[in-house]
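Colleague: The following feature annotations were taken from Swiss-Prot:
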- Glu171, Arg217, His448, Arg489: L-aspartate binding site (BINDING)
- 195-198: region 'Aspartate' (REGION)
- Arg217, Asp218, Glu219, Gln226, Glu482, Gly534, Leu535, Asp536, Arg537: ATP binding site (BINDING)
Amino acid sequence: MRTEYCGQLRQSHVGQQVTLCGWVNRRRDLGSLIFIDMRDREGIVQVFFDPDRADALKLASELRNEFCIQVTGTVRAREEKNINADMATGAIEVLASDLTIINRSESLPLDSNHVNTEEARLKYRYLDLRRPEMAQRLKIRAKITSFVRRFMDDHGFLDIETPMLTKATPEGARDYLVPSRVHKGKFYALPQSPQLFKQLLMMSGFDRYYQIVKCFRDEDLRADRQPEFTQIDVETSFMTAPQVREIMEAMVRQLWLEIKGVDLGDFPIMTFAEAERRYGSDKPDLRNPIELVDVADLLKSVEFAVFAGPANDPKGRVAALRVPGGASLTRKLIDEYGNFVKIYGAKGLAYIKVTERAKGMDGINSPVAKFLTAEIVEAILERTGAQDGDMIFFGADNKKVVADALGALRLKLGKDLSLTDESKWAPLWVIDFPMFEDDGEGGLTAMHHPFTSPKDMTADELKAAPEEAVANAYDMVINGYEVGGGSVRIHRGDMQQTVFGILGINEHEQREKFGFLLDALKYGTPPHAGLAFGLDRLTMLLTGTDNIRDVIAFPKTTAAACLMTEAPSFANPAALGELGIQVVEKEAKASLENK
């Protein structure tokens, strides 16, 4: 039906007859002439109808926005005064000789001249996706997956599919469960990741695997999370962690060159401990120059319990955050930032405004200055590198609260005060994460997942001191987003059972949930390591949006609902009966529980 795409016409096509298919983006009726901007997935071209083609001109008078049409005509060069430099096709236009209205459109529920609500965009997603910016995002997503497949094929990786209907295994979030009709009372789980299957593929001898795969997690949603998401999943045998990082870094660097024309350079490597200490985050945005600076040793003897308490507590921390030019912040803004850090558990925000450092105590303004000596203030200013016009904020609490609160404040200040250089790309690897973290109930939970290997520890050493264990894990971070994460996996049965035991999974549960894995580990399992990238997050970065729903064709809301199809929906009672499932209403359930 077409010979060319609208958006691909150029001056090289001048004089050629073309047939185009697409939609009316805009129509301008000048009486004897009618102009339309005609759109398809590749872009927009101007088409005009003149009196010499009376039938086409008459039919064109009926055109309205979003009519689906076919046009045949001749490509002509525009007069120089009419060239539109803002359009890729702005140097040419198409003189229409034939017009077919394929399908008419009713008045649109979306307004192309105004910003539509996200609810409206999601409800009429098929119309929202017609917008050029949305089409461009999905085209870039397609380019990313195409590039990844080429790269992986060139490096000897095999694309192998793993099951969608599998067994529920604890991986940190709730599973989406699928009832079995054949095995009544039993359920499949949709995979949170192909983690165990890709490890089993390594045990099967497929030493380089990849898959671009859908994953599912029934968790509380955030702006950058979806219940179903796509991973670029990778696993290798007989490769060390540095070797895995090297090949995956090469892939991402080449991807950025292909999509953005940018060389990211070598990725710096930072330990988890350093990232938390300097940036209050395990995914630091290195475009932001603000850093956390420890000052507890300077404040142990002050007569100010807010500082002295954490400064003398082994589990406490006092850190300073120097904000260049921050002395200009108003009291109202300072109070707002104080309320902001309370979200992260901080009790407030002490500060020092540096107006004229050379004047010592007379050159600062601070509500806590009365508790500090001139020597302590000078030491703080020296350590933080404070200059005239700077602001120093303080966090004093347990280590986690200080890191979380000042880390979040750092990001907010970077954005609010335009300190973060958004023209740059800042990738890095974060390594050496703690193996376990406190689960809040006196036990331990895996910081990544239960199949991550500890670094340089035997099973006996791990059992004796699990809190000291460092995971052989690594995350790739770009501009403050974790775009990929992975680890060296456990490949010995005794180590895997030790980790399960530390996590409170008894032997019976181990056999019930992971018996197939423990059995597989008995038969010459090779050392293996891998990584998974979030395709959605990569696409967000490469398209310049901060909303994950902008890079997914048909996303869910933050309530895990599809406004277009109205999913989830109630199931047919007969279908539920076949599955052996009965829906219990809340009132009935409450009465049963009260009996």
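Heads up, the Cβ atoms here are built off N, Cα and C, so glycines get one too.
For each feature listed, report its degree of burial, its nearest neighbours and the pertinent distances within the displayed model.
Modeller: For the recorded site, His448 (L-aspartate binding site), the DSSP three-state label reads coil.
Counting residues 6+ beyond its ends, the region 'Aspartate' (195-198) has Cβ neighbours under 8 Å at 162-163, 166, 169, 171, 209, 211, 233, 235, 449, 451, 514, 517, 530 in the same chain.
Arg537 (ATP binding site) is surrounded by 20 other CB atoms, counting those within 10 A of its CB over all protein chains shown. In the three-state DSSP assignment, the secondary structure recorded for Arg537 (ATP binding site) is helix.
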Colleague: Can you tell which of His448, Arg489 has the most other C-beta atoms within 10 Å, given these are the binding-site residues?
Modeller: Arg489
Colleague: Pick from Glu219, Glu482: which of these binding-site residues has the biggest number of other Cβ atoms within 10 Å of its Cβ?
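Modeller: Of the binding-site residues Glu219, Glu482, the most buried by Cβ count within 10 Å is Glu482.
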Colleague: Give me the count of other Cβ atoms within 10 A of the Cβ belonging to Leu535 (ATP binding site).
Modeller: 23
Colleague: If you draw a 10 Å sphere around the Cβ of Arg217 (L-aspartate binding site), how many other Cβ atoms fall inside it, taking every protein chain shown into account?
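Modeller: So the Cβ neighbour count for Arg217 (L-aspartate binding site) comes to 21.
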Colleague: Give me the CA-CA distance between Arg537 (ATP binding site) and His448 (L-aspartate binding site), in Å, as a whole number.
Modeller: 19
Colleague: Between the Cα atoms of Arg217 (L-aspartate binding site) and Glu482 (ATP binding site), what distance do you get, rounded to the nearest Å?
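Modeller: Just about 17 Å between their Cα atoms.
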Colleague: In Å, how large is the greatest distance between any two Cα atoms among Arg217, Asp218, Glu219, Gln226, Glu482, Gly534, Leu535, Asp536, Arg537, the listed binders of ATP?
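Modeller: Site span for ATP, by Cα atoms: 20 Å.
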